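Engineer: According to TrEMBL:
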ACT_SITE  HIS96  active site
ACT_SITE  GLU143  active site
ACT_SITE  HIS147  active site
TRANSMEM  42-59  transmembrane segment
Amino acid sequence: MGLIGSEIGSEQALHRQALAVQTVTTTNLRCNISATRSDMRLCFLILLCLAAALSSFVISPPHMWTKLILTHHWPSTFCSMEHPACHPNISYWTLHGLWPDKGIDCNSSWHFNSSQIEDLLPDMKTSWPDLLNPLSASFWKYEWHKHGTCAAKAPSLNSQHKYFSKALELYHKVDLDSILKKFDITPSEKYYKLSQIEGVIENFYSIKPKIQCVQPSKNADFQILGQIEICFNPDFTLLDCEKQFTMETTSKGDWHNPVAVDKASGFSVCDHDVPVYYPPLP
C-alpha cells in the first residue's frame, strides 16, 4: 500500500515532464517556421528557459524535502509539561523523531506495522521510548505517519525499516548525551548560559543546532532546556539548522490522541539573554 503514493507522485512528475517536452518541441517548431531573424534570438532564450525547467523536473522529485532534523528531547522537561506528569527514570537524551523539513502525513494509506521493525524494537525501547506509555507503540506509529511517510520520498528511507533504523543510526552516531557530559554540560540546579550549550555542540560537530526551551511562566527569569535538533543533508551529512523561531503545532501527547490538533507544545527556540535550567531527575 505504501508504494501507491510514490507511484502517483512519479506519474504526476512524468506527466509534467511530458508537458514540458511538448512545450519545448512546439516552441522550437514555431521558431523555425515563423520567426524572422530579429525574433530568432528571443526564441533561443525562450528555449533555454524551457530546457532549464525541463531539467528541474528530471532532477528533483516533486515536493522532495531538503533537510532532515534529528530531534532529541530531555525526559525530565517533557514529563514536567504533561498533565498528569509522567515520571520516567531516564537520565539521558532520548530520540523524539527524524523529521524532513517538508511534508506532514504524506501517505495515510501506509500504515505502521511493528513487525517490520521487530529487530529494532529493543534499541527503540531504550533510545526512542514512549515517555507517556512505555509499553505502547503508539508514539512510533504517530512519528511514522506524520514524518516517516514524508521522509520515505527518498529511496534511502522508503520503508519503515529504513526510516527507523536510520534514525537510530544517526542518534547513536551523534551521541549527544555523551558529548554534553564530556564538556561538563550536565543536569544541575545551577543555570547555564545558552552560549555554553550551543558552543559545545557547534565546536564538536562544526554545525549550528537548534536548541529549544520551555518558558515556565510569562515573567520567569529562567528557561528550561527541553529539545535539541541536529540537522542533516539528504545524504546524511551534518548541516546547520535554521535559527528562526519555531513551535510544534501539536502537543507531544497527541500521538495517543490522533484527533487532537493545533495545540502548542510549549517548546520554542531558547532566548540567548535568559539563563537556562537543565533539570536533573526529580
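Backbone N, Cα and C define each Cβ position, glycine as well.
Curation plays no part in TrEMBL annotations; they are all automatic predictions.
From a predicted model like this one, the values you see are computed outputs, not experimental measurements.
Locate each feature and note its surroundings.
Structural biologist: Under 8 Å, Cβ to Cβ, and six or more positions away along its own chain, HIS96 (active site) finds THR71, HIS72, HIS73, GLN227.
A C-beta separation below 8 Å, combined with a sequence spacing of at least six in one chain, links HIS147 (active site) to GLY97, LEU98, TRP99, PRO100, ILE104.
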